[in-house]
Every structure is written in structure tokens, then in C-alpha cells.
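Over in TrEMBL, the protein carries these features:
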type    : residues                                                                                               : note
BINDING : Arg95, Arg105, Arg133, Asp218                                                                          : substrate binding site
BINDING : Asp218, Asp242, Asp246                                                                                 : Mg(2+) binding site
BINDING : Gly276, Ser277, Ala278, Pro279, Asp280, Ile281, Ala282, Gly283, Gln284, Asp285, Lys286, Ala287, Asn288 : NAD(+) binding site
DOMAIN  : 3-343                                                                                                  : domain 'Isopropylmalate dehydrogenase-like'
SITE    : Tyr140                                                                                                 : site 'Important for catalysis'
SITE    : Lys186                                                                                                 : site 'Important for catalysis'
Amino acid sequence: MTHIVVLPGDGIGPEITKSALDILRAALEVTGQEDIYSFSEHWIGGAGIDAVNDPCPQETIEACKKADGILLGAIGGPQWEKAPKTPEMGLLQLRQSLELYANVRPTQVRDELVHLSPLKEEIVKGTDFVMFRELIGGLYFGKPKYYTDEEAFDTMYYSRESIERIVRQGFEMAMKRRKKLASIDKANVLANSKLWRQIVQENSKEYPKVDVEYLYVDAAAMKLIANPRDFDVIVTENLFGDILSDEASMLPGSLGLSPSASYSANGPSLYEPIHGSAPDIAGQDKANPLSMILSVTMMLKESFAEDKLAQWIEEVTFSAIEDGFLPGDLGGTTSTSTLTKEIINRLKKGASH
Ligand code: NAD
Ligand code: IPM
Ligand code: MN
């Protein structure tokens, strides 16, 4: 039995999680695999604060450690901003407890859906890159960290080891792809970035086939829009990766299309959309579930080697999008539940996996 821990979280988190799991269950029913997988739900984020006064309960961490795969919807919302321990702190604690240091955020513009991009077709057509974001270091975690009415302090800290392990993941992925690695830093200003760049240079000697490009983060932000096809694998630190991945999500057309996977050295992997709880549309059946559906298919491929099943779900999902079942973020009016039903109907009808 393969056990999946499900952490729906807040806002649109539970809505897109339900959609993606309904779709997964329907697909598993068609392939006769429904008995292989079991699921359990646990608290995370604001939902955890409301239920048990903790955005990252120990029970959730323990369940995650025993899981074969973890799915997380999204966390956060204005009602918990002033909590002593916020939903965001809960998410960061979970990532740290599971040592999820490598966050992989792919960006792909599919030929059939190139019209959904706000950019010109000749710029975005063929875009296909993967961002490796360091997830448990840098400004997010460095101590001291505090603010008072008079001053605030954040610490940017990286050890050699924590840079090296993510950089090497980037090189390994580049070897499997088009052998191009873009390392994004701010080495003209930041000490952390100087060490980062040095370590990329050292490691590049072990990957002579990989063409390495060093970019400052400001220029990289521009180049992502001007020449997105130039990128193959990107490797960058935590905060830069956070910002650049949201920017990159607009190349195919919306934040609502972007999944991610987070890996540790040994433990289970966690799959989650890159976006947040979208309080502005929560509870309105408007969320685009693709970010979560694609997080599920990433899990099927990366954690369970179910490539065929994942590909089938993706093809069917994108066929519905191509046929105009577009949620609001992609310029349409299709609700989350209507799109979900449409995808399930197509899975049941097609069954041609
Ligand atoms: P957000 O990502 O929640 O939303 C940004 C914009 O994108 C909003 O207009 C939203 O409606 C839209 N959007 C996001 N996902 C969508 C989807 N699937 N379908 C359609 N539209 C979608 O970012 P925010 O508004 O800055 O933050 C809201 C809360 O989420 C905050 O509490 C923040 O800390 C949290 N957050 C959590 C995560 C996470 O759980 N991993 C990530 C980012 C932000
Ligand atoms: C993300 C989010 C989180 C981050 C926040 C909610 C802590 O923006 O997953 O991208 O900054 O990592
Ligand atoms: Mn983010």
C-alpha cells in the first residue's frame, strides 16, 4: 500500500486539493489501481491554528515522515497574519523538519496553449525550463531574525554544504536535459552570492559538458521575459527562486498552472503548487486546479514511477483546457468543479491510456 499524506491547508488549498484528488481517484478507478493508494489528511497552516492552535502540529510532521508522498494545497490568509506562529512559519517549519532542500519548479509553454501567454508567441513558444530553488536556507531561516518598532533584522546565511547540494542537483538535471545551467545570484553585491558563484564554478569542473551561465538576479528577471527559451536549468537561492518562479509562471499564462516538487536527501518528497491560498477568490469555486493536478502528476512520476498514468492525466487535463474549459485566471469562466467534472468525464470516456 502506498500512503499519501494530504495537507489541504487554507483558502483555495482545500478546493484545488479536492479537485486533484477526485481526478486522481477517477483515473485510478479506470486503471484498476484504486486499492494501491491510501490517503490521510492532516492539519497545516491557518487550518491547523484554528483546529489545534499550531500551523505545523507535531502529528503532521510525524505523518509526513512516514508517508510515501506528501501533497500540500496552500496556506495563509489575512485572518492569521497576527498569530504568534503564522501559517507561513508553519510551512517553513515543515520544510525544515523534512529537510526539503531542493524545490523544483518547472515552466513549460505547450504549443497548443501558447495563446494563453500574455507575451508574444514568438517569444514564449517552446519555453521549457526547470528552476531549482534552494528551500531551507538564506534569508528565510538565518538567525538573528527579528523586528521591533525601531529596527528589523534578517540574516542571509549559507553554508558550503547547503549550496553545494542544490547546485549539484542542478548540474545533474542539466545533464539529463539540454546541458545548460543558469546560476542566478547577486555576486556583485552579496557575500552569500560570491560563495554561491565560487561553488558553482568549482562544481562545473565535474560537469564539463554543461554550459554554465552566471546571471545577476536583476538581469535574470529581465531575461526570463525577453528570452525565456534560452533557459534550460536554473539554480538559485531561496528568495530569488521564490520571486523568479512566480514571474516565470506568467510565461504559460498564470500562477494557477505551476506545480512544484520538494526533495530531501532520503525522506519522502512533498508536492505543492507554487502559489498561495488566493484569499481574493477563495470559497468561490473559481480557482484553477491545474497547479495541484500537475503537482499530483509530478508525484506520480517522481515518487511512484507511474509515468504512463501521469502522462495520461496530464494529456486529458490539457485537452479540456485546449477545448476552452478555462478558469478565470486564464481568461475564462469555467468553475473549479465544472473543470474537474469535465476532466473526470474525459478520463472515464477515454480510458485509452
Ligand atoms: P497567491 O499566490 O495566493 O495569489 C496571488 C494571485 O494569484 C491572486 O490574485 C490569486 O487569486 C491568484 N491565484 C493564485 N493561485 C491561483 C489559482 N490556482 N487559480 C487562480 N488564481 C490563482 O499570493 P498572495 O495573494 O500574495 O498570498 C496569499 C496568501 O498565501 C498569503 O498568506 C501568503 O503568505 C500565502 N502563500 C502561501 C504559499 C504556499 O502555501 N506555498 C505560497 C504563496 C503565498
Ligand atoms: C512559496 C511561498 C512561501 C515561500 C511562503 C508562503 C512562506 O511564497 O511556497 O513560494 O516564500 O517559500
Ligand atoms: Mn512564493
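Cβ from N, Cα, C; glycine included.
Among the binding-site residues listed (Arg105, Asp218, Asp246, Gln284), none has a CB atom closer than 6 Å to any atom of ligand 1. Asp242 (Mg(2+) binding site) sits 22 Å from Ala282 (NAD(+) binding site), taking the Cα positions as reference. According to DSSP, Asp246 (Mg(2+) binding site) sits within a helical segment.
Within the same chain, residues at least six positions away from Gly276 (NAD(+) binding site) with a Cβ under 8 Å of its Cβ are Gly11, Ala74, Ile75, Gly76. Every protein chain considered, the tally of other Cβ atoms within 10 Å of the Cβ of Arg95 (substrate binding site) stands at 23.
Sequence-distant neighbours of Arg105 (substrate binding site) (same chain, 6+ residues apart, CB-CB distance under 8 A): Val130, Met131, Arg133, Gly241, Ser245, Ala248, Ser258, Pro259, Ser260, Ile274.
For the domain 'Isopropylmalate dehydrogenase-like' (3-343), the predicted model reports an average pLDDT of 98. When the recorded positions Arg95, Lys186, Asp242, Lys286 are checked against ligand 2, Asp242 have a Cβ within less than 6 Å of one of its atoms. Other Cβ atoms within 10 Å of the Cβ of Ala282 (NAD(+) binding site), summed over all protein chains shown, number 18.
Ranking the binding-site residues Gln284, Asn288 by other CB atoms within 10 A of the CB puts Gln284 at the bottom. If you take the CA of Asp218 (substrate binding site) and look 10 A around it, the recorded positions you hit from Tyr140, Lys186, Asp280, Lys286, Asn288 are Lys186. Ligand 3 lies under 6 Å from the Cβ of none of the binding-site residues Arg105, Ala278, Ala282, Lys286, Asn288.
DSSP classifies Lys286 (NAD(+) binding site) as coil under the three-state reduction. Shown in sequence order, Gly11, Ile12, Ala74, Ala287 are the residues of the chain, 6+ apart in sequence, with a C-beta less than 8 angstroms from the C-beta of Ala278 (NAD(+) binding site). Secondary structure at Tyr140 (site 'Important for catalysis'), as computed by DSSP, is helix.
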